[in-house]
Amino acid sequence: MTTCDALQRWFRLPERLVIFTFGLLLSKGMMTYVLANLMTFLTDFWNLNLKEAAAIVNLQEGLRNMLQILVALCIDACLGYRWMLILSSVLYSTGLGLLAFSVPQYFFKNEKVCPLEKVQCFKKLKHTPFWEGLALLIAGGAAQVIPLYSLSFEQTKVVRVPEHCEATKLKVACCLCKVRIGGWRQLQQRIIRWFCIGFMMLGTITSVYGFISFKRKWHQRFLISAIAIVIGLLWFLCGFPFYGPRRLQPSPLSTMLSALIAAARKRHLNCGGNLEQLHRGNAEETLLLTDHLKWLNKAAVKESLADDNLTMEEKRWRLCTVNEVEQTKLLLNIIPMSATFILYGMVKSLGNSFFVEQANSMRGGIPIVVFQMIKGFSKGLVKSGYKMVFEKRIRRIKRQYSDGVKIGIGMLASIICCAAASSVESQRLKALSKEGLSNDPNATAPITAFWLVLPFFFLGAMEGLAGDGIQDFFGHYAPDSRRYGPVFTSSLTGFGTVLNIGFLSFLDYYSKSRYSVSWLGDNINQSRLDYIYRAYTMVALFNCFLYAYVSYQYSYDNIIGRPEEEEEIPFLEVKEEETAAGDQQNSQGQVNVELHPIPVR
């Protein structure tokens, strides 16, 4: 057996191929605090005013999340996971490279900060590669999330050991051990999954160290991150030949569009005598049409016997199966609930914009990454605490309400987060006023930055409860949720972040017309962020009541199941050779085991 054949045989299991994604996972961790602190780069180094910098940061983060739904459609329709990951890495690294050469020192004779007025600095920024780099960064960031997760963590999900799998003797390296094949594979998956987490944590630690070491050197931050992605991509390409054939599959969103168009084309059809002529995908499909959203049922009704002879392309926009119609109804049912999740994205965006500016303008010199680590710690702590204290008890009473309760508690945390941020900002402005520094744009408030621990803690609690609950909600009630649950969550979060730009513009217009002074000044010391946070608190409170009403009216009877239960991960197939030699070996307590490959996209 040649070395190539031996490698092909060893990499036949999908979890072993995860090794080739370790480099990209490391670079993903390194990017954690680079993009989260883009606000500092724009305000402190390019000298942009607060409103412009917040708009750029929110636009970048919002579009990066919203485009994930288009990426998912593209993966299912043509590219697949591997090619999408390669394309995203190229776009990501190129965008970071352009950002590395958009720092002020390349345009102002080695000046590290833009020396012009704020308006002139913004005009100068237009003539740098910043905007091209930002566009590539948005596209690359959106395209990387889904394929990287699917080719790494998704392949290491621990499968259940089949009941028929018994203990057997298997040669592992030079030892002949008595193991259960399923148990052996579970152990292997867990080990590789821990390696994935370890590489991401190593990248995050490297990012924290680099953020502190290169405190005022954004060129190095961007460039090192770009180089790390390129090295990770080269390592991933080394494993490209070992992947199986690409598998393309239909998307629930394209299915919904087909059903809506088919129902619209048959809107004048009288279904009275045609309800028995339903189109089913196969003879085993026994699903019945429900009375809810009855107008969609026409999409599954055959207009004539000639419809059976239509090609797949002709049927796509004229005739749908009963299963496709019911999937469309499930997607339309979750729209009212989804509308109440938008505010989650609006509040979450504050952590990467105004919270960063507050931390940089308070005494102590505490790096913003410390607060972002506190946010991550509280996210994990609250999520684990909810699972231990509430989740099991709620499921014991009524399983399907667990997600709704988790989201509701997360929304209450968003109210506390905004109220705490408003209180901290009021204290900061009072401290500046006492020292007579209110009109100084570069003044640092004489209060410790540790006041921000509470807002960041509740921001993390909101992400751990509401964010995780929203993803679980889509996992239970959206069709094909194993692939599209996280995508729907990210897209809604991105939409809320982009909507934040309009909300801030409204507050700016309202404050100018009502008080003749804008709440969003050129810098944080000339702004009234405490009033802005109060506006967010009131909107979050209203949204909490709206969510309570909509969730009370929502029907929880359409639960599909957990994402991991929707489609069982293919298990390692084990066969015994029925030969005379095999019988002789069986009599000695040994079995020849044949391992069959599982295709990976």
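Using the three backbone atoms N, Cα and C, a Cβ is placed for every residue, glycine included.
Residues or ranges marked as transmembrane segment in TrEMBL: 17-42 (among others). Counting same-chain residues at least six beyond the ends of the transmembrane segment (17-42), those with a Cβ under 8 angstroms from any Cβ of the stretch are 11, 48, 52-54, 56-57, 60-61, 85, 89, 137, 141, 144, 148, 151-152, 155-156, 192, 195-196, 199-208, 210-211, 218, 221-222, 224-225, 228-229, 231-236, 238-240, 242-243, 351-353, 356-357, 360, 368-369, 372, 600.
Per TrEMBL, the feature transmembrane segment maps to 90-108 (among others).
Residues or ranges marked as transmembrane segment in TrEMBL: 129-149 (among others).
Summarising the annotation, TrEMBL assigns transmembrane segment to 191-211 (among others).
The list of residues near the transmembrane segment (223-243) in space but at least 6 beyond its ends in sequence, with Cβ under 8 angstroms from a Cβ of it, reads 7-8, 11, 17, 19-27, 30-31, 34, 82, 85-86, 89-90, 92-94, 96-97, 100, 203, 210, 600-601. Annotation comment: TrEMBL describes 223-243 (among others) as transmembrane segment.
Feature annotation from TrEMBL assigns transmembrane segment to 330-347 (among others).
Residues of the same chain lying 6 or more positions beyond the ends of the transmembrane segment (405-424) and with a Cβ under 8 Å from any Cβ of it are 341, 343-344, 347, 350, 354-355, 358, 382, 386, 390-391, 394, 451-452, 454-455, 458-459, 461-470, 472-473, 529-531, 533-534, 536-537, 540-541, 543-544, 547-548, 551. The transmembrane segment annotation in TrEMBL covers 405-424 (among others).
Sequence annotations record features per position, and here TrEMBL assigns transmembrane segment to 444-466 (among others).
For the transmembrane segment (487-511), same-chain residues at least 6 beyond its ends with a Cβ under 8 Å from one of its own Cβ atoms are 51, 54-55, 58-59, 61-69, 72, 145-146, 338, 341-346, 348-349, 467, 470-471, 474, 478, 517-520, 528, 531-532, 535, 539. The annotation transmembrane segment is assigned in TrEMBL to 487-511 (among others).
Summarising the annotation, TrEMBL assigns transmembrane segment to 531-550 (among others). Long-range neighbours of the transmembrane segment (531-550) within the same chain, counting only residues 6 or more positions beyond its ends whose Cβ lies under 8 Å from a Cβ of the stretch, are 336-337, 339-340, 343, 346-347, 350, 354, 407-408, 411-412, 414-415, 418-419, 421-422, 425, 503-504, 507, 511, 519-520.
Annotation comment: TrEMBL describes 578-601 as region 'Disordered'.
What TrEMBL lists as compositional bias 'Polar residues' is 582-591.
Using a Cβ-Cβ cut-off under 8 Å and counting only residues 6 or more beyond its ends in the same chain, the transmembrane segment (330-347) has close neighbours at 62, 65, 252-253, 256, 292-293, 296, 407, 410-411, 414, 417-418, 459, 462, 466-467, 470, 473-474, 477-479, 488-489, 492-497, 499-500, 503, 536, 539-540, 543, 546-547, 550-551, 554-555, 558, 560.
Beyond the ends of the transmembrane segment (90-108), by six or more residues, the same chain brings 45-46, 114-115, 124-125, 127-130, 132-141, 143-144, 218-220, 222-223, 225-227, 229-230, 233 to within a C-beta distance below 8 angstroms of the stretch.
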